[in-house]
Amino acid sequence: MQSKLKIVDGYVWDNECLLGEGAFGKVYKCQKQNKQFAVKVIKKTTLQTSQIQLETLENEIEVMKKFTKSNNILKYISHYSDDQNYYIFTEYCEGGNLRTYIQRRGGYLQENQSIEILNQLINGFKDLIKNGYLHRDIKLENCLIKQNTFILSDFGLATKYDLKGYKLIKQQVGTPLYMSPQLLENYPYTTKGDIWSLGMLFYEMLFGKTPWNCKNLSSFLYEIKNKPLLFPLNIPIKQETRDFLMKCLSIDEGRRMTWEEIFSHEMIQSQRKKIKLDEKSKSILFDLQKIVFFNKINIKKILFDKQKNLIFQINQAFLNFQNKQIIQFLKKIPTFFFKQFHSKIKQFQFQIYQIFLVKIINKISIIIKIIKQN
């Protein structure tokens, strides 16, 4: 029986570990030195008749090389070629893509979660824009998930533009369902083409569908031009979310938001404040849990009353929180000790608890200040 294992440049994978495939290649999960990666395999025979596809492959490699330090852009590892194939090795995103993520959760996401995901993707776009790149193929399938981090991928169609964003681009590329009206009509367009696509993606996260039906390109363009942007009544959203969508999905590029306006939009900024506070809440809870774990403290008696509301009693044992030697030691403890706590912490509604947690943090800070003074 012929082995299904493939070994290339030290990377090993089984052909059954297929993550996805497109018109010109397949993506597999692979390993090297006990670490997991992904490999895109493109047959050379499929590119022999298409110079454009070969340029797309080379472009994807060159773009990813520039963003290896970005948390929200797929990390390039290496590339290789042999007589039969080209290989691109990247980080492995175990969570799949945003399309399947949404499908597993009933077809659409809650508003706050959608905005949080959008915020992460916008961090990736910040890096692209800062370095003068358009993505040009934004869609749910090109957003990957790794350990609850949402990552932009597939940069074969990405292109450079002037940093002011004024240069008109004439090449028609991308996925029709997410194309701006300018692209659909084969008119020149600017960096705002990506903003339209981002708006379409965000709308689909919120409502589980796109705002206009797409039977074919001509009917799709007709609907965009003749049917107003509507929001399903059965899924209410905040006014600032509506405003964001309407400004992303303005048919007139001149009225569409700029990237600077996206980064500073009220919806984005308000969510970022919540995210920062939530991360602070998670951090303090995790550090408290480590102290609880090693001191065999009943956290329920300390932090919750009979109605399971957080209360503000600071047990003397928590003063160990300031002991740097203990904290440094705890950080070296294998993470599997805290696996059970992690599973519970993910279920918390941090926005409900954040006010209480801030008070706890403040009380601990006061205690720490008194200790330092003495």
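Just so it is clear, glycine is given a Cβ too, placed from its N, Cα and C backbone atoms.
A quick note: this is a predicted structure, and the numbers were derived from the prediction, not measured.
Per TrEMBL, the features are as follows:
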BINDING   Lys44  ATP binding site
DOMAIN    13-268  domain 'Protein kinase'
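Across the domain 'Protein kinase' (13-268), the model assigns an average pLDDT of 90. The Cβ of Lys44 (ATP binding site) lies under 8 Å from the Cβ of Ser81, Asp83, Gln84, Asn85, Tyr86, each on the same chain and at least six residues away in sequence.
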